Amino acid sequence: MTTLPRVVVLATGGTIAGSASSAASSARYQAATVPVTALLDAVPALKDVARIEAEQVAQVDSKDMSFALWHRLAARVHHWSTQPDVTGIVITHGTDTLEETGMLLHLAAAASVPVVLTAAMRPSTSLSADGPMNLLDAVRVAAHPAAAGKGVLVVVNQEIHAARDAVKAHTCAVQAFVSPVSGPLGFVQDALVRFTRAPLRLPAQPWPLPAGSWPVVEIVASYAEPGRALVDALVASGVQGLVVAAAGNGSIHETLVDALAGAARAGVAVVRSSRTGAGNVLAPANPNPQAGVFVTAGDLNPYKARVALLLALAGDPALVADAAGLQRRFADI
Ligand code: SIN
């Protein structure tokens, strides 16, 4: 008799653990109310795929994600990935900030086994809830030999994405996650787990999480006629990093360039990302002399770029005054 793989499910809350008073409701519900044991009980087929062990790491709506919970989650991933006989780890998470936690774990998780984030757009009590199938598919991927060495993954709506790439791109559709630049890594169709390509941008070494307090990194946006008061106030409050959700290929309104150049001169790391939702931000061929010290985030959206900047500055606070060094960090992601 063959032994089934051992998969650990770490539950953090979200809509996948949400409930509503009416099964007809997919939008009015309370996230993070149903315990992981009940989520697992709702999917009897899991027992044919893996030996499951579950841990309720948190029970939160992911809009309220915190650095403390990121620390706890990364620690539980590390713990379980070093236990003998664990084949893979599944994390249930809210969809709203899954792309940020996914980015964090992509950079920081020192896991020797597959780590798969999954979620749902409809609460567990909904007609046609998507959580049970996403959970089953995530366990199938975490237990599959082909998932080894692919980094942290996201499995939602039968697609497998690299956590580095996956972003939430819809407010309510069950097909809410896309990898806008690279596309999915593969798919799950019943018992068939098929990778169609491999992720190439895996970190050579895990990026350490901050040992003490986290750097202060905020996001500002460029749009028509922006004021500079927000940037000036952030600099005055001691911000260490700013990510700009810039227009197009990273273009920033001249008023904001002026304010951000002042921030850079004051020792704030400034990173340009794009608000478009897809594509790479190149360093300009003829940089505005004022903006020459801004780092580009490549194809990371502002939220993912912020996570990378948090960890980069935590690992090396001197990067606030070393744009070239910080640019090299971003080029590695
Ligand atoms: C959440 O992010 O926790 C709530 C929304 C969702 O999971 O879809």
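Including glycine, each Cβ sits where the backbone N, Cα and C put it.
Because TrEMBL annotations are produced automatically, they should be read as predictions rather than curated entries.
In sequence order, TYR29, ALA31, GLY94, THR95, ALA119, ALA120, MET121, ARG122, PRO123, GLY131 constitute the residues six or more apart from THR15 (active site, O-isoaspartyl threonine intermediate) in its chain with CB-CB distances below 8 Å. DSSP gives THR15 (active site, O-isoaspartyl threonine intermediate) a helix state. Positions annotated as active site, O-isoaspartyl threonine intermediate by TrEMBL: THR15.
Residues annotated as active site in TrEMBL: THR15 (among others).
Residues annotated as active site in TrEMBL: THR95 (among others). Other C-beta atoms found within 10 angstroms of the C-beta of THR95 (active site) number 23, with every protein chain shown included.
The secondary structure of SER62 (substrate binding site), as reduced to three states from DSSP, is helical. Under the heading substrate binding site, TrEMBL lists SER62, THR95, ASP96.
In this model, the domain 'L-asparaginase N-terminal' (6-199) carries an average pLDDT of 97. The annotation domain 'L-asparaginase N-terminal' is assigned in TrEMBL to 6-199.
Positions annotated as domain 'Asparaginase/glutaminase C-terminal' by TrEMBL: 217-314.
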8 Å Cβ shell about SER62, THR95, ASP96 centroid, substrate site members excluded: GLY14, THR15, ALA31, ASP61, LYS63, HIS93, GLY94, THR97, LEU98, ALA119, LYS168
Of SER62, ASP96 (the binding-site residues), the residue whose Cβ has the fewest other Cβ atoms within 10 Å: ASP96
